[in-house]
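See below for the structure under consideration.
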Amino acid sequence: MRAKHLLLASLGGSSLSSAIPTALTTRQTPTGSTTRWIVGVKDASVVDIVAHAIAKADPASTSVEKWKDALLPGLVLESTLDQASLSQVDGVQHVWKSKKFTLPTPENQTITDPQALRRRQEGAPVYQAENYSTALHRSTGVDKLHQEGLFGKGIKIAVVDDGFDYNYDVLGGGIGPGFKFITGYDFNPGGPEDNDPAPDVFPEVGHGTHVSGIIAGKNDWFTGVAPEASLLAYKVFGMNHRAPDTEHIIKAWKRAYEEGADIISMSVGSPGAFSDSPLNILGDRLVEAGVVVVVSAGNDGYHGPDYVNELCSGGKTLCVASVEAKLRAADPVVFTFTTPSGQTSNVTIGHVGIGAGGLERSPVEEGSYNTGNSMGTYRDIWGTPTPVISIGDACGPLQPVAEPLHTVLLVAQAGCGMEQKAVNLRAINAKYVLYYSDGVESLQVWSESLGNGIVDKAAGEAILAVLNAQGNVTVTFEDKTNAPVVAAVHPRGGLASVYSSWGGTNDLYVKPDIAAPGGDIFSSTVWYNYNTFVDIPRGWAVYNGTSMAAPYVSGIAALYLNKYGGRDKNGPGIAQKLIDRIKASGTNVPWGMEARHDDPRNPNPVPKDAVAPVMQVGNGLIDAHKVLNYQTTLSADHIALNDTNNFAPTHQITITNAGSEPLTYEFTHEKQLGIEGRTTARHIANYIENKPIDLSPSIQLPPAITVAPGESKTATITFSPPTPTDTSKWPFYNGRVVVQANNGEELAVPYFGAAFDLKAEVSNIFQDGFPKAEGSSLEETGYEFEWNFSNGVAKATVVEVDFKTVWGTRYLRMDLFRQDWQETAWTWPPDNSEGFVGSAVFGPDDVVVDLPRSGSWRERVSSVTWRGQLAGGRRLTEGTYTVRFAMLRPFGDPAVAGDWSVWGTEKLVVVRAPAA
């Protein structure tokens, strides 16, 4: 099945003109041919003037909303005009298509296993699992801040998401003054009660509830990053996950500012876009006004570079990538170890159940989609101490077990595939199988492997040590629905998450900025009951995604503002200062791999010790201690070196010393591996196809500088581009400039560039074999067309054009001209072109403005659908037309014909047209 983009609502900037020997007719009130636009203006004083001018140019237009604030003045309107025509209206600065936004749906993950901690007793190691929240926060330095008494008190965080169960006790048990959620608003028109002054409790998958728990959840055994922060809940997704339009998110962000938010946290978005999109402009202005804006990088890492969340294209907003949490949550299970001498000890070990929902905590009864917790498959032996025996790796024939229904079999995860183990286990009628990890693969088992659960390597070895010493081990399984979770060692902990979206942006900006724990994060959630639409069972789950990493960073930002004060105390500059400190705090993390460096399945192995590139994780894993307690602040614009044709060699870093003693700073260049971002098949490489390469620029670093207390100094860094062996493979490079102070403080600024001429390399933005037109006559439109249809249809009433692209584009247009029109006659806007008939208006969900590149998987095909409608209410008449289906190439000038990739000048025949 082909995947269609469903991000935008209609064709923007696309003009279809019909060129035919007969005359063109115009309707003043066309049906179904308007497009929703967001029009940005210079300031609030001209909003009404611009609205009047547009209404005069297009009597069929309708003003939906007028914005007269200082952050983003403008209006939302429905109009038959296209983007190019609206841009010509006096006072208009920007014209954007109102588009749909998507909510990444995180997967419930197998919840892992135990944290190896202390050694006790005679010879054999005994492990006691630690509280999950305490252990997780230690990995980021948040635990030290909690020890200082910093919990986010007095800081307001606006969470923009799919809904919030604010009645959940872990989130405060209510909404309003005195509660954790102090206010909220439902912006989505698809909810059961539009504009309800408080968001409803229909979050469906519990995404917003999970995000809120990461930030500020609190009970006796779970602690979020900033549990005393106040939350402002802004719901932008409606019933059945109806996606919000751009203007809903704009209104949520503006309201957050008006209601005093210090931080906006948003884990929503779609790939693509440019720095001058409405939300990126608004995000930058909010930061300038004193609000820290934090957005997730996206979960499209499998699609390779240049696929980051479009909300990351802003220069000032903080874009957050994901790393795998070093510690995971697990159910506590008591094992009793008995030595040959008769000494016993009870050991708590974390346990992960079957499949992707191994640690869900839900009151949903067994028989529904969830068993409640990872203990469900042991129900028949709950409360009974059951002996544990080791049977090795189960890769060969096994000896029968005396009492298979009353024995837990310990099996090594390593040695062979789970399928082979299952065959051998089935042959001895095994019922209770507990795997222990090899310390490399994911802590995950499935029912097909006959596994009931898994513990980590350290726990497995501790059990084996007792058994091999001729001791005994028993385990007691119980219902853990209400038990505190414990920490677990994550075999892939600390690696860059493979799903975390890669930068840079369409403009070749450096994104993402920073990374935080996002892989296998345990937090509060709710399960939507589709039968009653009102019963919301509360529980807990582990989710994966940059959606989890962004709120973690938002929580750290709240701790900083808790200590030093927000915009009310420090003025609007505090937001940029804090963002600079967060970005500079990063530390390197290992390159996350789908397959290990020595795995033959990996066609492009990564060196074992390679660090994750800037393109994937920005400056690396956030260090909360550096953010709050370093004396040094680094301020730098993005070191975006761009491509070879637009190379930007000189950049500056400003160093501020807030300490009481002079500090001397030295600069070093930290090289990282680059990648070849394009395959021989002319598409951008997906995650596995990314080929690591040794490619770095030359850098002229400044000499050491000394900065006095309270002083700032600026250092200049000059780059020279690298020389790759093959520019056709699109070599990207990245690294960091590390700044070290003589007091031991170390910060860094990342850089990123393309060692090729992007515009020249994208001589054709379409992938090979595309576009292609398909025709259908299943819908009556009043038109009948003859065209070069690839599906063998001779005539059609609806035209669909399928395409795949190698890079993002600002414009997709389909313009119609008279039959004899030539490409040399192209002008911008095309209304002034001789022979121009009109521009096509496509379907309401078609993406045509700020279009992201196509996904890297082969089946991802985008499309637009045309039913004969033209911008401005124009109508086609019967006859033959020249069709120009085109996309603007990277860094292209729309007025230059050669800067467009044009799909032929196909002749389209209108066999039948509706009456005027």
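If you go along the chain as it appears here, the first residue is 1 and each next one adds 1.
Keep in mind that glycine also has a Cβ here, set from the backbone N, Cα and C atoms.
Positions annotated as signal peptide by TrEMBL: 1-19. Annotation comment: TrEMBL describes 152-565 as domain 'Peptidase S8/S53'. Under the heading active site, charge relay system, TrEMBL lists Asp161, His207, Ser547. Under the heading domain 'C5a peptidase/Subtilisin-like protease SBT2-like Fn3-like', TrEMBL lists 639-751.
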| remark: Mean per-residue pLDDT in the domain 'C5a peptidase/Subtilisin-like protease SBT2-like Fn3-like' (639-751) works out to 95
| message | What does the structure give for the C-alpha distance between His207 (active site, charge relay system) and Asp161 (active site, charge relay system)? Integer Å is fine. | response | 7
| request: With a 10 Å radius around each C-beta, find which of these active-site residues (Asp161, Ser547) has the fewest other C-beta atoms nearby. | output: Asp161
| request: Do me a favour and check the Cα-Cα span between Ser547 (active site, charge relay system) and Asp161 (active site, charge relay system); whole Å is fine. | output: 10
| 10 Å Cβ neighbour count around His207 (active site, charge relay system)? | 27
